[in-house]
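Novice: Please see the structure below; I have some questions.
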Amino acid sequence: IGSFGGITRIVNIVRNRGDLLKVAAAGPVAGFSLGFGLLLLGFTLPPSDGLGIIVDPAIFHQSFLLGGLAKLILGDVLKEGTQLSINPLVLWAWAGLLINAINSIPAGELDGGRIALAMWGRKVSSRLGSVTIALLGLSSLFSDVAFYWAVLIFFLQRGPIAPLSEEITEPENSYIGLGVAILFLGLLVCLPYPFLFDPSQVTDFDF
């Protein structure tokens, strides 16, 4: 599977920050839109013909977005410590959302790093990228996925992003809003869902 498209190069010189934001946001917008739509479809379609996948609902705690949607759509069916049959489309869509979320990390030459530079300029985005890589490196102590991406960014996507023809003019507010939405959605995908699906269960349930 490799880098999931995380290694991308912009060959031509980009004119300004507005153009960079449009280019960098195109991939995440398409990926998040498709993944979110397929995730909703997977939750609403019942498993059929014996093709359902049996999972522990605890996996939905790995993402705030995934857990929140699962609780909203599945309702009382979702309980810790039980087995649940879901449509395989849920896991495929979740994998796509996770890939896009990681590629939206505001660091290096990932799409998220380019979006940060376009919105806030080179100085702020550079500092944000350093903090992000440091946090990702810390997370790699507990997650193999985080370690993989920390290594990929540090050695292959660390940057710096090539200079633009003009870096003073800020993008339009509408595109800045889109960039913030992409970074926020990536955060919702990566952050865990901290609440119990069934509040009546013991509060010290270990998930």
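Placement of Cβ uses the backbone N, Cα and C atoms for every residue, glycine included.
Nobody curates TrEMBL annotations by hand; they come from automatic prediction.
Copying in the features that TrEMBL gives for the protein in this structure:
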- 4-127: domain 'Peptidase M50' (DOMAIN)
- 20-45: transmembrane segment (TRANSMEM)
- 51-74: transmembrane segment (TRANSMEM)
- 86-108: transmembrane segment (TRANSMEM)
- 128-155: transmembrane segment (TRANSMEM)
- 175-197: transmembrane segment (TRANSMEM)
Novice: With the transmembrane segment (86-108) as the reference, find which of 20-45, 51-74, 175-197 contributes the most Cβ pairs under 8 Å.
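Specialist: By the under-8 Å Cβ criterion, the transmembrane segment (86-108) pairs most with 20-45.
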Novice: Below 8 angstroms Cβ to Cβ, which residues of this chain, lying six or more residues outside the transmembrane segment (175-197), approach it?
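Specialist: Sequence-distant neighbours of the transmembrane segment (175-197): 18, 21-22, 24-25, 28-29, 32, 57, 60-68, 70-71, 78-80, 97-98, 100-102, 104-106, 111-112, 115-116, 118-119, 203, 205, 207.
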Novice: How does the model score the domain 'Peptidase M50' (4-127) in terms of mean pLDDT?
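Specialist: PLDDT averaged over the stretch: 86.
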Novice: Using DSSP, what's the helix, strand and coil tally for the domain 'Peptidase M50' (4-127)?
Specialist: 81 helix, 6 strand, 37 coil
